[in-house]
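I'd like to ask you about the structure that follows.
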Amino acid sequence: MAEKMEFDYIVCGGGTSGCVVASRLAEDSNISVLVIEAGENCLDVVGSQMSGGMLQLLGGPHDWNFFSTPQTHAADREISLTRGRFLGGSSGLNGTLCIRGTKQDYDDWDVPGWSGEEMFAAMKKAENFRGKDWFEVKKDAHGFDGPVNVEPHDLAPISERIMESLQDQGFPLDHDMFSTGERAHGCGHAPRTVYNGLRTTAAEYTRGWEHKTNFTILFKTQVSKVNLTRTETGLQATSVEAITSDGETKTYTARHEIILSAGTYCTPAILLRSGIGPKVELVKHNSPCHVDLPGVGQNLQDHLIVFVPYEVLPGLTYDNKLYPEEALKATYEEWVTKKTGLLSTFPFGAFAYARLDDRLQDSKDWQQAKTADRDPMGQTKSQPHIEFRNTECCVGPRELPPASGKNAFAMVTELFSPHSRGSVTLSSTDPFAAPVIDHNYLSHPLDLLVLTEGVRLGNEIVMQGKATRDLILNSYPSELTQHHLHKTREEWIPFVCRGATTCYHPVGTCKMASAASLADDPAAVVDERLRVRGVRGLRVADCSIIPKIPNGHTCMPAYGIGERGVEILRDDLKDAGTRREARSGKEERL
Ligand SMILES: Cc1cc2nc3c(=O)[nH]c(=O)nc-3n(C[C@H](O)[C@H](O)[C@H](O)COP(=O)(O)OP(=O)(O)OC[C@H]3O[C@@H](n4cnc5c(N)ncnc54)[C@H](O)[C@@H]3O)c2cc1C
């Protein structure tokens, strides 16, 4: 049978948001949908189902294996920037944590249709929450009939102690605080996209696609660019050029629309290769500029995290399930046969949000940056400055040595609402070339200040909290630093600059803005209906549209963007007939 080359909608990138958009559109059997995905199906990758084995996927064939440019303010390191390269995208190899941020974070986007209430409702649509007896659920905060299984995590002994120390140090316990979006300070449990020992990913939305005549997924096929046509009424996106695993270039035509869902690093790269982006950038590559959009690839934001590892008394962590190799084999066998044990869940335990106002009063930078209604990080009192979480065994940055014969865990501090902004640009117009990713981490002094103060507080919780202070034997590895003894911010700064790394939450490179503010915002790339400025029939639906990074993790927002995006597409489908008519005039392919 001849290959189908024409579809109503083409979704470029079958990742977290892309799977949602494509599958929801294909629920209407009258609409034909094509997904073009560079990788294979994560449902066929065993390591993807085993969320505790996530580290095994990093750096492998299902990772895009991007690196940042050397980060001047972070000890000149080139930081590994993993992204999922399979159907399901980064949801197929992430940490499974469902932490949605606060409602105020989305209200701050100031874009109609994307408020806190609307985004929380959209995230609920994705979810099928599965409770546990001990977990105090806030039912209104959850969805119960979406495709994505979500369940709470049973704490390891070390995490129970951390949770107690957090409470002792002024963090009230609220089990379900990371789903309600209403608390800025406190500790609780972070639910996971896991159920019965198996990870759920966005690919779950597409399950059974091969039995639908209106739904096509092309695997191992890489989008190189979107083709544009000049019509009497302006530029129109008409088709997608893609390269198959055999190296063949093919062109797929979209009757209605093309949706870019290739993620924060790859979506702007596709736009740039299509001649849509800052003219100055395109000129560098001798590429034509069809739409001069200065914001494409700019406004890059991410959350930085710092791991602070400690050696502890035996019997509290799960290191004996990982080391020596024989133990790991038994742990793996347990997951294969029963889907239980360390590999059945992501080994991070207690979680907390913190505001640091009181602790930062002594800083001149902090004092000077205050405004009437916002704190120096641009936040209201209802938003946290940082997040804490602890690992349940010795895991963390790749350079952390395995805790053979020892027991170790890390307190992790995550910086919210960073001021630093980076960019994604092309290294060349070759579709297989990695983009140039400069996060510009810690370039803003307030980011370093707040992150360092967070790390300092994290150490105090561990070293002074009543449930942990008698358990700590040393820093880990003790021969490198004695960081558990650090007291001042100044002592922590070199540790933070050397150790801060990505939390894998890049957003913002195709910034969304309200229709009303587009004219005054040259950095905006899409409007509130996700339409790329200056081109008809082209939208973006993934984390790249996020104007300002929420104070949580980005997977639930990615699902929410997919769900909101499809609501918008369905609404707009009403005038699709008009659009097709408009295209029947004089056309010139660019
Ligand atoms: C290691 C890791 C851990 C994380 N942990 C968490 C966590 O615990 N909790 C949380 O909330 N968030 C976490 N995140 C972040 C979260 O998973 C992502 O922000 C979110 O999944 C991004 O969704 P997206 O749709 O924007 O992009 P993605 O899900 O990355 O999808 C992009 C898709 O496009 C495809 N693609 C790209 N370019 C092309 C092309 N040219 N042609 C065809 N296909 C293409 C990719 O293969 C991929 O499938 C983590 C991320 C990583 C990488």
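Glycine is no exception: its Cβ is also placed from the backbone N, Cα and C atoms.
Bear in mind that TrEMBL entries carry predicted annotations, made automatically and left uncurated.
The structure displayed is predicted, hence computed values, not measured ones.
These came from TrEMBL, pasted as-is:
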type	residues	note
BINDING	T16, S17, V223	FAD binding site
DOMAIN	263-277	domain 'Glucose-methanol-choline oxidoreductase N-terminal'
ACT_SITE	H505	active site, proton donor
ACT_SITE	H553	active site, proton acceptor
Quick check for you: of the recorded positions T16, S17, V223, H553, which have their Cα within 10 Å of the Cα of H505 (active site, proton donor)?
H553
Averaged over the whole of the domain 'Glucose-methanol-choline oxidoreductase N-terminal' (263-277), what is the pLDDT?
98
Using a 10 angstroms cut-off on Cβ to Cβ distances, just flag whichever of T16, S17 is the loneliest among these binding-site residues.
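Per-residue Cβ counts within 10 Å for the binding-site residues T16, S17 bottom out at T16.
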Which residues of the same chain, at least 6 positions away in sequence, have a Cβ lying under 8 Å from the Cβ of H553 (active site, proton acceptor)?
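Those within reach of H553 (active site, proton acceptor), by Cβ under 8 Å and sequence separation of 6 or more, are G95, L97, C98, I99, R100, H303, C503, H505.
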For the domain 'Glucose-methanol-choline oxidoreductase N-terminal' (263-277), how many residues does DSSP put in helix, in strand and in coil?
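Going by DSSP assignments, the domain 'Glucose-methanol-choline oxidoreductase N-terminal' (263-277) contains 11 helix, 2 strand, 2 coil.
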Please report the number of other Cβ atoms within 10 Å of the Cβ of V223 (FAD binding site).
28
On the three-state reduction of DSSP, what should I expect for S17 (FAD binding site)?
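Its secondary structure by DSSP: helix.
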Which secondary structure state does DSSP assign to H505 (active site, proton donor), in the simple three-class scheme?
coil
Can you tell me the three-state DSSP label for H553 (active site, proton acceptor)?
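For H553 (active site, proton acceptor) - judged by DSSP and reduced to three states - the answer is coil.
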Which number gives the other C-beta atoms within 10 angstroms of the C-beta of the residue listed as 'active site, proton donor', all protein chains shown included?
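That number is 24.
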